[in-house]
């Protein structure tokens, strides 16, 4: 009777061979005894098991498997076909590289412009508070990546739909996410192509006999270069590209503020606020300054995707290496952005303008002082950084297109079609950059709409999913920050509309400057 019970128990744990199972890639399983299907079913009773495996070994195997996948992680076969989750071999280093590449960009060069409206004291206070605020919401997203039900939310849109419901979540997050991905790529084509033109002028001056390329031609050169790099298959495969992007971003940010300080301040510099009285115009300039500071910290729409490239189990959940990488990355980001804002405002004061910020001020006031090598190096670093950032911001668009294909066909996207998607996206981004060159002037307006993705939605999603104690400290903190983020978004959009109405905007189609 004892042997029969033993045999029956063993059979209960044995997987049924003819039932198809969904298993993670081999690199994610580390238990030798669990390399077979993780699906467990009850098999028909047989007279006697020929293997006679002891019960304790069966239990140990099951325990090993549960420790590996953790919390009964639900595995979706489609995840292994998509660019973001195709490879789950990421680590804290990859996390730091991707976060730095997506977190620092040319928008940081506008930070001194925010100080012209806020002044020294309020400028530093707002910069510090928003830095801590967005770092907190980043931590919330990292914690929300893995749910207690076993689902990993490897895309911001999926987490939004899980928290707010399918329709409302898609309504709130789809446009901001697509704008922060596709819109950023369009902007990178404008900045990267324009900087290529400047680099050519610096290197050639009047010695080149060939006819110079137009701005549209440089846009095309940049787009073709970005499309070639975009052929790398998945998010993990561009870790080296993100490392190069991070190094170049830190380098040109540091180089610009160091050169600006060393070369001294121009004549007639002032630090007085342009508006002595408080009116609608001054209020809008303050709101625009807050928007500039908030937009300087980007990349929240990519944090879940980056974390989705990591393996996860009970002993080592993905949030641990992800948070280590993010902490290191944001230490570097703080060491770049704070000196850039403070040093840039000290060097140029109210002379700095919104058309390029620090980079244009450097060319305007010190264009003949620094050596040609310094100016050329700065431009080259910006171009390389734009090419690198294009890859990580385009990846959610590639992933979204392949999700639609794999959902309809129930098979992975072939290589030729994947390449076609990426060429098509590059062509679309190029056409938009050429057809609507004034879109950069609307960045404040559209960016204000996307602001809740960074500052508000994570707080509300934490309350809905984690359900902290009602009226507790965490509950109040998230409600206040979430509502404040929504209010700030509305105010920034209002200020941007007012500025466009009062100052006007030069609309010209198919004529990039």
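Including glycine, each Cβ sits where the backbone N, Cα and C put it.
TrEMBL tags one of the stretches 28-50, 51-73, 120-142, 143-165 as transmembrane segment, and that stretch is 120-142. Across 120-142, 280-297, 328-348, 419-439, 477-501, the stretch most heavily in contact with the transmembrane segment (445-465), judged by Cβ pairs under 8 Å, is 477-501. Against the transmembrane segment (373-398), stretch 239-260 shows more Cβ pairs under 8 Å than any other of 120-142, 239-260, 419-439, 477-501. Below 8 A, the CB atoms of the transmembrane segment (239-260) and the transmembrane segment (477-501) form no more than two pairs separated by six or more positions in the chain, fewer than 3 in all. Below 8 A, the CB atoms of the transmembrane segment (328-348) and the transmembrane segment (120-142) form 3+ pairs separated by six or more positions in the chain.
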